[in-house]
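*Asks:* So TrEMBL lists the following for this protein:
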type    : residues                    : note
BINDING : E95, D167, I169, D170, D313 : Mg(2+) binding site
Amino acid sequence: MNSRSYLQIRRIIGVFTTRSFTTMSTRPFALERQFAVSAVRRACALTSSVFNKLVKNETLTKGDKSPVTVGDYAAQGLISIMLKNSFPADPIVGEEDAGELRADEGKVLRERIIDLANEALVAPRVEGDKAEWGIGPGQTKTTDELLDAIDRGNYDGGRTGRMWTIDPIDGTKGFLRGEQYAVCLSLLVDAQVQLGIIGCPNLPLDLSNPDGERGCIFVAVRGQGCQQIPLSGASETTLSMPTFTPSSLTFLESVEAMHSSHSTSDIISSIIGITRPPIRMDSQAKYGCLARGDGGLYLRMPTNAGYREKIWDHAPGCLLVEEAGGIVTDSRGLPLDFGVGRTLGENYGVVAAGKEVHAVVLDAVQQATGVKAKA
Ligand SMILES: Nc1ncnc2c1ncn2[C@@H]1O[C@H](COP(=O)(O)OS(=O)(=O)O)[C@@H](OP(=O)(O)O)[C@H]1O
Ligand SMILES: [Mg+2]
Ligand SMILES: [Mg+2]
Ligand SMILES: [Mg+2]
C-alpha cells in the first residue's frame with residue numbers, strides 16, 4: 001500500500017472513531033453522555049448571553065453580583081428541568097437553591113431568571129438533542145416549575161445510588177471579569193464519578209494561542225477516556241496527559257488567593273524546583289487544561305481550616321484528569337471521597353498531577369505543609 005492510500009484509510013478510521021463515540025449507544029452511560037453534552041452546551045449559550053446582555057453592556061457598580069446570580073439560577077434551572085424530563089428518578093446535588101427568589105424582594109431577579117431559562121429551553125434542537133429532554137420550541141415553563149427545578153438541587157448526597165452534581169457557574173469571579181468560568185455537571189453512582197463534563201465558553205482551544213478559537217467542552221466517562229469538544233461544533237479529540245518531569249511542571253492554581261494558598265504553592269515550587277510562573281485561572285477550567293496537557297499540576301491548598309470543598313467543585317474535573325491518565329488525591333494522598341455528603345468532608349486540599357510526578361509533588365506538599373501522609 002502506498003503512503004497516500006494509507007493516509008486516506010487512517011483519515012477514514014479517524015472520522016469513524018470520532019463519530020462512533022457519539023452515536024454508539026452500547027457503551028455504558030452513552031445516553032447520559034449525550035444528554036450532558038447537550039445540557040452543558042445549552043447552559044454555556046445561556047451564560048454567554050447573560051454576560052453579553054448584563055455584564056458587558058452595563059456599567060456594574062463594584063461588587064454588584066446580580067448578573068452572576070441571574071446566570072447561576074437560570075443555568076441550574078435549565079439543567080435541572082432537562083434532568084427531570086430525562087432521568088426523573090435521579091436526585092441532584094446543586095450549588096444553588098431558590099429560597100431568596102421566592103421572597104418578594106427576589107421578584108425582579110426572578111423575572112429575569114425565568115425569561116432567560118425559558119429562552120434557553122425553547123432554542124431549536126441541534127443534532128443529537130432529543131425532544132423528550134424537554135427542549136425546543138414551545139417548551140416554556142412556569143415560574144413555579146422553574147423555581148421547583150432549581151430546588152431539586154437540594155439533595156444531601158451520600159454513599160449509595162445515582163446522583164448528579166451541578167455547578168451552574170463555577171468561577172463566578174472569573175465570569176464577572178470576562179475571564180475563565182465553567183458550567184459543571186457530573187453523574188455519581190455509589191459515590192464514584194462515572195461521568196464528568198465541564199463547559200468553558202471563554203477557554204482558548206489552545207492555551208499557547210490565546211487569540212485563537214475559544215470555547216470548549218471537556219467530557220469523560222469512566223473507562224472511556226477524556227475528550228475535548230469545541231463549542232463551535234467541530235469534532236472531538238481524545239486527550240491524554242503527556243509525561244512531565246518535576247522541573248518541567250507549571251502550577252495551575254486559583255486566581256483567588258482566598259480559595260487556594262498562593263504562598264504555600266510558592267514554597268512547594270521551590271522544593272520541587274519549578275521555575276515557571278504559575279498559570280492562574282478561575283474555575284474547574286483548570287482541570288480541563290490539566291487533562292489536555294497544560295501545566296502538569298493543579299494544586300488547591302486550603303486557606304481556612306473550617307472550609308470544606310464542595311463536591312460540585314471537583315467531581316467532574318477529577319474524572320477528566322483521571323481519564324486523561326493523571327492522578328487526583330488530597331494532600332495526604334487519599335482519594336477524593338464524594339460519598340460523604342455535599343462536601344468533600346474528610347479530604348484536605350487537592351493535588352492533581354501527571355502520574356509520573358504525582359508522588360514527588362505530594363511529598364513536597366507534605367514537606368511544605370506538615371500534613372502527614374496516609375497511614
Ligand atoms: N474559602 C474558600 N476556599 C476554597 N474554595 C472556596 C472558598 N470560597 C469559595 N470557594 C469555592 O471556589 C470556587 C471557585 O473555584 P476557584 O478557586 O478554582 O476559582 S476562582 O479563582 O476562585 O474563581 C467557588 O465556586 P463558585 O461559587 O461556583 O464560583 C467556591 O465554591
Ligand atoms: Mg464552584
Ligand atoms: Mg458556582
Ligand atoms: Mg458560588
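The backbone N, Cα and C atoms fix where each Cβ goes, glycine too.
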*Asks:* Say we define neighbours as other CB atoms within 10 Å of the CB. Which of the binding-site residues D167, D170, D313 has the fewest?
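*Replies:* It is D313 that, of the binding-site residues D167, D170, D313, has the fewest other Cβ atoms within 10 Å.
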*Asks:* 10 Å Cβ neighbour count around I169 (Mg(2+) binding site)?
*Replies:* 30
*Asks:* Mind running the binding-site residues D167, I169, D170 against ligand 2 and keeping the ones whose CB falls under 6 Å of it?
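*Replies:* With ligand 2 as the reference and 6 Å as the Cβ limit, the list reads D167, D170.
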*Asks:* Around E95 (Mg(2+) binding site), how many other CB atoms lie within 10 A of its CB?
*Replies:* 20
*Asks:* Name the secondary structure element type, per DSSP in three states, that contains D313 (Mg(2+) binding site).
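*Replies:* DSSP call for D313 (Mg(2+) binding site): helix.
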*Asks:* Can you list which of the binding-site residues E95, D167, D170, D313 have their Cβ under 6 Å from some atom of ligand 3?
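*Replies:* What lies within reach of ligand 3, judged by Cβ under 6 Å, is E95, D167, D170.
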*Asks:* Whose Cβ lies within 8 Å of the mean position of the Cβ atoms of E95, D167, I169, D170, D313, the Mg(2+) site, other than those residues?
*Replies:* I166, P168, G171, T172, A182, C184, S283, Q284, K310, W312
*Asks:* Per DSSP, E95 (Mg(2+) binding site) is which: helix, strand or coil?
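*Replies:* The three-state answer is coil.
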